[in-house]
Amino acid sequence: MISALDSIPEPQNFAPSPDFKWLCEELFVKIHEVQINGTAGTGKSRSFKYYEIISNFVEMWRKTVGNNIYPALVLALPYRDRRIYNIKDYVLIRTICSYLKLPKNSATEQRLKDWKQRVGKGGNLSSLLVEEIAKRRAEPSSKAITIDNVNHYLDSLSGDRFASGRGFKSLVKSKPFLHCVENMSFVELKYFFDIVLKNRVIGGQEHKLLNCWHPDAQDYLSVISDLKVVTSKLYDPKVRLKDDDLSIKVGFAFAPQLAKKVNLSYEKICRTLHDDFLVEEKMDGERIQVHYMNYGESIKFFSRRGIDYTYLYGASLSSGTISQHLRFTDSVKECVLDGEMVTFDAKRRVILPFGLVKGSAKEALSFNSINNVDFHPLYMVFDLLYLNGTSLTPLPLHQRKQYLNSILSPLKNIVEIVRSSRCYGVESIKKSLEVAISLGSEGVVLKYYNSSYNVASRNNNWIKVKPEYLEEFGENLDLIVIGRDSGKKDSFMLGLLVLDEEEYKKHQGDSSEIVDHSSQEKHIQNSRRRVKKILSFCSIANGISQEEFKEIDRKTRGHWKRTSEVAPPASILEFGSKIPAEWIDPSESIVLEIKSRSLDNTETNMQKYATNCTLYGGYCKRIRYDKEWTDCYTLNDLYESRTVKSNPSYQAERSQLGLIRKKRKRVLISDSFHQNRKQLPISNIFAGLLFYVLSDYVTEDTGIRITRAELEKTIVEHGGKLIYNVILKRHSIGDVRLISCKTTTECKALIDRGYDILHPNWVLDCIAYKRLILIEPNYCFNVSQKMRAVAEKRVDCLGDSFENDISETKLSSLYKSQLSLPPMGELEIDSEVRRFPLFLFSNRIAYVPRRKISTEDDIIEMKIKLFGGKITDQQSLCNLIIIPYTDPILRKDCMNEVHEKIKEQIKASDTIPKIARVVAPEWVDHSINENCQVPEEDFPVVNY
């Protein structure tokens, strides 16, 4: 398919390449100065100033250089540059120390290694390295180095990275690197170091630079993922893109179509897919697209985010861990495949967890054959999107599948086509989910039989159905790092995105059904969402290895700011009572995938974070290099997420979320309360009384949260007056009513001073009865013995008021509370206490199926009990199943029994049921060793 853009000739510059120093001073330095010093005294906003600097630079380039900005753009956006240097912080530090002839482990080298602790605002490793160089030599006055020269040196650096390994010993001997170090000015050198480290040179302003160059540049880059192509086609702002320009092009990465997660009944899912769909197994791997060109002479592998992994999987049919095993019919000149790269364990014949994918490819690469390693990459193909010059995306799914099967010959356990079966109706979904669970799979993907392929979308045509596991908070969350606290083990504070006003309001509607049955094409996820701010949500330390800590440090180094020195901007970051020691701009940060057991809004934790709730049992699964920070989990995603699982200490999620947007003073309160309040006439019930409201109130029967502001407004509407300081005693104490249902710090202080505290129910019941009612025991939150004695005389032995009428509901409640002795409830353990080893498994009820009398079983059960868990002999009552045996026959027998009971559970339910995770016994020991419950899916039961 030929695009109109293909006929556009490549732009040519009419002037020679400008100096690299000019690029640094006219663009990099000016943007850096605005970041550090702001725009005080100019009367301009930072955003306006950035646009002014960038637009001036773009205009100068067009007038003095020409229409080809690629040489400068690839230096300004180094993380978009496809050149790979394999130069990390440590290597660069050792290289510069060796170049300066400093002794090994010298004081200077140690300072540089610990540069993060001493860097100031706006500083980074590159600036510190230049400082050390400047102390020992004068600034060179040699001939200027042009932008083209720099790109030539970077080409050489990238080309020789495999020559003798990329260590500091080889880098210090590299001629292009040494030439730059010895001949660049100090300003140039700083940005040269940033470029080879792949740091963000213009600090999050890349989109402004792209938009200033061409209004469609950013959109086109999201489809093409290649700066050179973007700049060669889009250099005239008057020439705009057409819709077909944003289609798939062989050789260029694109954003794939994604499956949508829904929380609907099987019946509604079927209706959404028109009762005609293909069922595929959901793979636990990395989304990879294969671009096959010129009969296999050139092959490229791209990730979902356009990262080029060709070096891992092979560049042609002649070599590579995957590419040499691609078998197409002779008629295939070029094509594009969509699929999942997983790791296959050749010995156990199972697919391994996601994190091993690239590691297996590297190991196979070093052995030159996947037959020589225990585990290796396996490419599972599920779609064909392009064939011999024609895009197949408009074709129906079943037709694309037919073409795929006709042109590709699978090779078992290396390149396979994902099996799919055409299904109709509810029972087929249940059956496919049963099979997925029995195989230990992630779940299934249901695809509308006649659906087209929509690039960069997530719509109703593809729906993923995953088993719902007890003691887990739905899907894993992709969260952005916004803060850091040091300790024996660093902990990172993570945040939720708040989208712009329009999208925020859109998500406040009825979310009971996420899928719109009336349209299959409307629900396309916008990959470029506008983020208004970020709210602190949780802190995570568990699950991050030392290597990952180092990698996070390397990626974010130089971008952290100490909170004590520079306050985080309230317009971007909002924290609760817990403020991190350091914070980071989200555009400079990194995304982590977090697994959690449930939400936690206990009294001790709800104030710590801006969301008024946090995660319980959070655990880092991995670093999401493929995720942009703007695509992370949002506040609205949290609203739409399912009810918190079985942990009894947590309430239903909607009441948990106390997600009060402080800026907008939103109130999470049901429409029914608003309607009831509006129906109440304005009265003088509270005339002459003064009220001091100390807390919100959550109604016992419905779980509706009535905020402090709502209570105050209601009191005023009915004649009461508000005061905000009781201690001053400017009013008659007999006229004052203190209202609270929580022992806040202020409330406790007033109790200690002898004040009586009434429950908010008294206010609401006064309004309901349309008069002041006497104080009775149920209205006494914390009062003196004298007042309580008087109150108790106003009710009978059941607590029924002698004066006020009682509703049927309240009478039933009183009867049950007085005449039945409830069994001892579960011990509610504060989330802080749960961190102690004694309570590690306090939320677990484990089932250990037995096939013989064995010490293995006894030891597992003993460990669960020792660390606060419980054991049950009924699978239906558990939230964790542990298969104890190493013997394959016994293990298989246990698993068959477990799966039969799970199948019965699925058949009996109209929606996706919540089931217990099944784990190998190693899960218990690993959890104890790490002092946290490690992810269950990392310990599947295999070899049965």
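Every residue, even glycine, has its Cβ placed from backbone N, Cα and C.
Secondary structure from DSSP puts Glu442 (Mg(2+) 2 binding site) in coil. Per Swiss-Prot, ATP binding site is recorded for Glu280, Lys282, Arg287, Glu340, Phe382, Glu442, Lys447, Lys464, Lys466.
For Lys282 (active site, N6-AMP-lysine intermediate), the number of other Cβ atoms no farther than 10 Å from its own Cβ, over all displayed protein chains, is 18. Secondary structure at Lys282 (active site, N6-AMP-lysine intermediate), as computed by DSSP, is coil. The active site, N6-AMP-lysine intermediate feature in Swiss-Prot is assigned to Lys282; the stated evidence is sequence analysis.
What Swiss-Prot records for Glu340 is Mg(2+) 1 binding site. Under the three-state DSSP scheme, Glu340 (Mg(2+) 1 binding site) falls in the strand class.
Per Swiss-Prot, Mg(2+) 2 binding site is recorded for Glu442, and the stated evidence type is sequence analysis. Other C-beta atoms found within 10 angstroms of the C-beta of Glu442 (Mg(2+) 2 binding site) number 18, with every protein chain shown included.
Here Swiss-Prot flags 681-780 as domain 'BRCT 1'.
What Swiss-Prot lists as domain 'BRCT 2' is 836-941. Within the domain 'BRCT 2' (836-941), the DSSP-based counts of helix, strand and coil residues read 50 helix, 14 strand, 42 coil.
For the ATP site, whose annotated binding residues are Glu280, Lys282, Arg287, Glu340, Phe382, Glu442, Lys447, Lys464, Lys466, the maximal Cα to Cα separation is 18 Å. For the pair formed by Glu442 (Mg(2+) 2 binding site) and Glu280 (ATP binding site), distance between Cα atoms is given as 11 Å, rounded to the nearest Å.
Within the model, the domain 'BRCT 2' (836-941) shows a mean pLDDT value of 85, rounded to a whole number.
Between the CA atoms of Lys466 (ATP binding site) and Glu340 (Mg(2+) 1 binding site) there is a gap of 17 Å. When the Cα atoms are compared, Lys282 (active site, N6-AMP-lysine intermediate) and Glu340 (Mg(2+) 1 binding site) turn out to be 9 Å apart. A Cα-Cα distance of 5 Å separates Arg287 (ATP binding site) from Glu340 (Mg(2+) 1 binding site).
Cβ neighbour count for Phe382 (ATP binding site): 23 (other Cβ atoms within 10 Å of its Cβ, all protein chains included). For the binding-site residues Glu280, Phe382, Lys447, a Cα-Cα cutoff of 10 angstroms around Glu340 (Mg(2+) 1 binding site) retains Phe382. Arg287 (ATP binding site) has a Cβ environment of 16 other Cβ atoms inside 10 Å. Of all the binding-site residues listed (Lys447, Lys466), Lys466 has the fewest other CB atoms within 10 A of its CB.
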